[in-house]
Amino acid sequence: MPPGFFLQGFSEFPHLQPFLFVLLLVVHLATLSGNLIVLVSVASVASRPPMLLFLCQLSAIELCYTLVVVPRCLADLARGQNRGSPISFVGCAVQMQMFVALGGAECFLLAAMAYDRYVAICHPLRYPVMMTPGLCGRMAISCCFGGLMVSLFLTVAIFQMPFCGSHLLIHFFCDVTALLHLACTRSYVEELPFLMACIVLLLVPSFLILTSYGAIVGALRRLHSSGGRRKAASTCASHLAVTLLHYGCATFMYARPKTSYAPKRDRTLALVYTNVTPLLYPLIYSFRNREVTTAIHRVLRLKGGGQSLVTG
């Protein structure tokens, strides 16, 4: 079996490691709590509209997404590694595959949510007929399956490459950019699988989202009531904010050639999009989506009521 890797993490900053540990732990616990609250609240709704079903899946993806990366990083910071943390070849491949699969599923899911908004605004009378529970379930499964297939293809392609030097990854997890930076590639041909994955995960869903919102903008312009336009637009605000955040980070991090990689800068940016953005998603949907806010309040009231009964 090929030799494993060393994750440098933040071992070159020994004095900052306790502070980083506490900061990441607080953010991680807040992320888990926020997404769990949204997940449980939405799951408790008896008759869920399609958008809430997709939101439930989004929260589940974010939970898994942060669990793939952050616990190991916290463990390394707690141990105070000074020379990096070893990770096996298979362990690194599994971590990268799961990270790409979850990120890819989220890309496809955001496109499915954009289509849901398109149908709700452009074809409101046909919405119950077009967005049936069966179709929504198939769309949700297809998003996960698509992310899984792309991640398997990309993982096999990258881990067939020869790796140079000391196998030291200047990163806190097995990210695609860190592995490509370490790979002994001499031409762009060897980077084609990564380019293809970017096209499938970023370009295709982006095109579908832009098409959906183009139709939505056209429908809103035909509305004569400013109140109706404002109400319809508000239903898209949360999804649009999350989409811009997700695709903005992903495009900046991955849609660029290997020559532009800067490992230490990319590591810092990865710290933000693996910790901060999953924390922001439930906040955005909680503040901007009335159905989610109502569901959360209902669950919190039930919990409060249950504690009162126990106390009484």
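Backbone N, Cα and C define each Cβ position, glycine as well.
Remember, TrEMBL labels are computer predictions, not curated facts.
As annotated by TrEMBL, transmembrane segment applies to 20-46, 52-75, 87-115, 135-156, 194-220, 232-255, 267-287. Annotation comment: TrEMBL describes 34-285 as domain 'G-protein coupled receptors family 1 profile'.
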Long-range Cβ neighbours of the transmembrane segment (267-287) (under 8 Å; 6 or more residues past either end) | 24, 27-28, 30-31, 34-35, 37-38, 55, 58-59, 62, 65-66, 69-70, 170-173, 175, 178, 238, 241-242, 245-246, 249-250, 252-253, 293, 296
May I ask which of the stretches 20-46, 52-75, 135-156 has the most CB pairs under 8 A with the transmembrane segment (194-220)?
-> 135-156
Segment-level pLDDT (mean, integer) for the domain 'G-protein coupled receptors family 1 profile' (34-285) = 87
Cβ-Cβ under 8 Å with the transmembrane segment (20-46): same-chain residues at least 6 beyond its ends = 10, 13, 52-53, 55-56, 59-60, 62-63, 66, 70-71, 73-74, 77-78, 275-276, 278-279, 281-283, 285-286, 291-292, 295-296, 298-299
